[in-house]
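Annotated features, as they stand in TrEMBL:
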- 53-72: transmembrane segment (TRANSMEM)
- 79-100: transmembrane segment (TRANSMEM)
- 106-126: transmembrane segment (TRANSMEM)
- 138-163: transmembrane segment (TRANSMEM)
- 175-197: transmembrane segment (TRANSMEM)
- 209-229: transmembrane segment (TRANSMEM)
- 241-263: transmembrane segment (TRANSMEM)
- 275-294: transmembrane segment (TRANSMEM)
Amino acid sequence: MGMSADNLRGFILALSSSFFIGSSYIVKKKGLKKSRASGLRAGSGGFSYLKEPLWWVGMITMIVGEIANFAAYAFAPAILVTPLGALSIIVSAVLAHLILDEKLSLLGVLGCILCVMGSTMIVLHAPKERNIESVKEVWSLALEPGFVIYCCATVSSVLFLIFKFTKHYGQSQMLVYIGICSLMGSLTVISIKAIGISLKLSFSGMNQFIYGQTWFFIITAVICCLTQLNYLNKALDTFNAAVISPVYYVMFTLFTILATMIMFKEWDSQDATQIISEICGFFTILSGTFLLQMTKDLCCSNNSEQPILSETELQDP
């Protein structure tokens, strides 16, 4: 089955977005490292990185990537666009190895490959884009009981993580920060999808910015993006960038696909084979993430052993 012109445009935009976003992780982390000398680090609640030019270069790079990603959602379904973020894993992992000296073992490389394979399976069996003719149609989908329940559960989980877990476990458990980013990210995608549809329809002559629903989606997208940015900075400043990228990607993809499936009911147009293939693709991605997490644990284990060796050598006559 061939790819439609709109899906092809979305595919190219999503692909370029991954290159920009993957490299932005590394540039921003370089800026975060430099900013530690002049103030409280981001992982401890500081904002000295805002005075670091290198961090802003990374921020601009990420914005360019997000704009390309934003445009991709206007042309293609989320289940096609979102999994292509796997490419940013490879970009960030390679650059972290070359620039930040954050070594990625063969096990980590295998994990990256599995993530890409799983994403490819999802992309090949992605459903067609739903034909929407007004932002009011998106609004009506957002008010259906299933999506309302998802939104309530997501916001409640984010608030619980922020007020109950970040203080005690944020510095030791990567999934606390990444969980907040991923949950908010799923709502960001829904909002951006609605904004993209509004822009696309407006450019075709049907102005959607006269409706309050469009501005509601814009405000929601801004709030969610700012929350993601804050906690992503904390995660990058505290943990290994080569591992943050794939874990964030998998969790973000999971919640985004779940949110879009609930809201747009994209699986209704697919047969059992396509749905099973997409599920298998996702579990392949999870396998890759598991290997990357093992790589992180091995690195942490090696680092914890090093001070003991140094003390012994110092005490040796």
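The backbone N, Cα and C atoms fix where each Cβ goes, glycine too.
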Quick check: do the transmembrane segment (138-163) and the transmembrane segment (241-263) share at least 3 Cβ pairs under 8 Å, counting only pairs 6+ apart in sequence?
yes
Top partner of the transmembrane segment (275-294) among 53-72, 79-100, 106-126, 175-197 - counted as Cβ pairs under 8 Å:
106-126
Report, as numbers and ranges, which residues of the same chain sit near the transmembrane segment (209-229): CB under 8 Å and 6 or more residues beyond its ends.
135-136, 138-139, 158, 180-181, 184-185, 187-188, 191-192, 194-195, 198, 202
